[in-house]
């Protein structure tokens with residue numbers, strides 16, 4: 001994977017499909033002169049789902065599109081034929097993707113199991129056909145409902161890598177070399193800071209235990225505040241159960257391993273208290289550059305300052321690496337005992353009810369002034385104006401009947417309307433008459 005291919009945060013827009021409109025058709029058959037209404041219901045709009053896929057390691061393909069709009073439901077047809085439901089969209093994302101609402105920051109889902117599925121935008125419910133409006137007083141209803149709009153929202157997708165062990169430490173202390181030595185990872189390695197611009201993942205096998213190690217780049221003093229790209233990558237350490245802190249014990253490039261250790265520790269604490277509490281060991285790398293006496297003195301100083309178990313190693317010669325691998329395996333195994341979670345594979349898609357705005361219990365009419373004109377408004381009025389097809393004679397009549405039955409004329413008088421004044425209802429102008 002090239003460096004530019006790694007995308008771990010993206011903002012996308014999702015929208016469920018609109019419900020299809022109900023039909024206002026009538027039965028037309030030979031020898032059936034009064035066939036009556038036979039308009040079918042509209043289909044429901046399609047949904048948008050996110051699905052965790054362990055074969056993906058980046059949000060790149062999601063970022064390339066950014067807008068995901070499900071298919072609308074089909075309109076109802078004659079002969080009581082129901083419109084087809086709109087097709088769903090299923091967006092595959094990497095395992096470990098956290099889904100947040102862009103407006104509120106609320107976490108909607110944490111897709112931490114392979115095959116896990118979450119609905120992020122519901123489709124609108126299809127409108128009813130005229131067969132639902134037939135009554136003793138309306139035998140040939142030329143009326144149907146429009147389908148509801150689908151749910152829409154902006155989402156933040158953040159990838160938090162699902163690694164068991166996180167490697168932290170200043171740039172150029174040997175993290176990339178270490179992960180390539182202990183695993184199947186093949187990172188690009190060079191001798192300058194910020195060599196690694198993406199987290200490298202490697203799989204380590206110890207006897208019957210397999211675990212994932214992540215090399216977390218960009219950590220320096222001030223990382224939690226954005227220095228050196230550190231805040232971009234710190235969230236990838238959050239899921240790790242074990243932290244391996246690598247320091248350059250040689251100090252040949254002017255580094256002080258004790259100061260370096262505490263610089264990074266403070267950044268972990270600033271970023272997350274939970275992160276700072278994770279199990280940690282120290283790997284003192286580059287011991288091949290020191291004499292025996294210098295090494296013993298520096299290792300003791302580091303242990304005294306940190307109180308942490310410390311492993312002298314040389315990634316170059318391989319000395320001490322085996323001991324670190326087995327210690328990591330022991331810590332991962334212990335952590336897995338404490339956090340036993342079953343895998344969810346091919347999880348059944350849970351489909352909530354389609355969007356259909358529930359009307360308030362009480363029909364409230366609001367009258368607003370717009371200059372000399374009067375505007376009829378209110379949740380009930382606005383919803384019925386959307387729901388009924390006002391271009392249909394009976395739909396329009398039913399809408400006006402609802403308003404009049406709930407005191408429209410009295411409300412207008414109370415608001416000061418006089419004979420001849422202009423009243424706006426659902427985008428149409430009427431003349432008020434006493």
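Placement of Cβ uses the backbone N, Cα and C atoms for every residue, glycine included.
Per Swiss-Prot, these features apply:
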type    : residues                                    : note
BINDING : 169-176, 194-198, 215-218, 285-288, 314-316 : GTP binding site
BINDING : 176, 196                                    : Mg(2+) binding site
DOMAIN  : 4-162                                       : domain 'Obg'
DOMAIN  : 163-333                                     : domain 'OBG-type G'
DOMAIN  : 355-434                                     : domain 'OCT'
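Projection of Swiss-Prot feature records onto the structure.
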{"residue": "169", "record": "GTP binding site", "DSSP (3 states)": "coil"}
{"residue": "175", "record": "GTP binding site", "DSSP (3 states)": "helix"}
{"residue": "217", "record": "GTP binding site", "DSSP (3 states)": "coil"}
{"residue": "286", "record": "GTP binding site", "DSSP (3 states)": "coil"}
{"residue": "314", "record": "GTP binding site", "DSSP (3 states)": "coil"}
Requested in this report: Give the residue from the binding-site residues 175, 286 that has the most other Cβ atoms within 10 Å of its Cβ, counting over every protein chain displayed.
Outcome: 175
Query raised in the report: For the binding-site residues listed here (172, 176), which one has the lowest count of neighbouring CB atoms within 10 Å of its own CB?
Result: 172
Query raised in the report: What is the Cβ neighbour count of residue 169 (GTP binding site) at a 10 Å cut-off, with all protein chains included?
Result: 27
Requested in this report: Between the Cα atoms of residue 169 (GTP binding site) and residue 176 (Mg(2+) binding site), find the distance and write it as a whole number of Å.
Outcome: 11
Query raised in the report: Quick one: which of these binding-site residues, 217, 286, 314, have their CA within 10 A of residue 176 (Mg(2+) binding site)?
Result: 217
Query raised in the report: What does DSSP give as the helix, strand and coil breakdown of the domain 'OCT' (355-434)?
Result: 29 helix, 20 strand, 31 coil
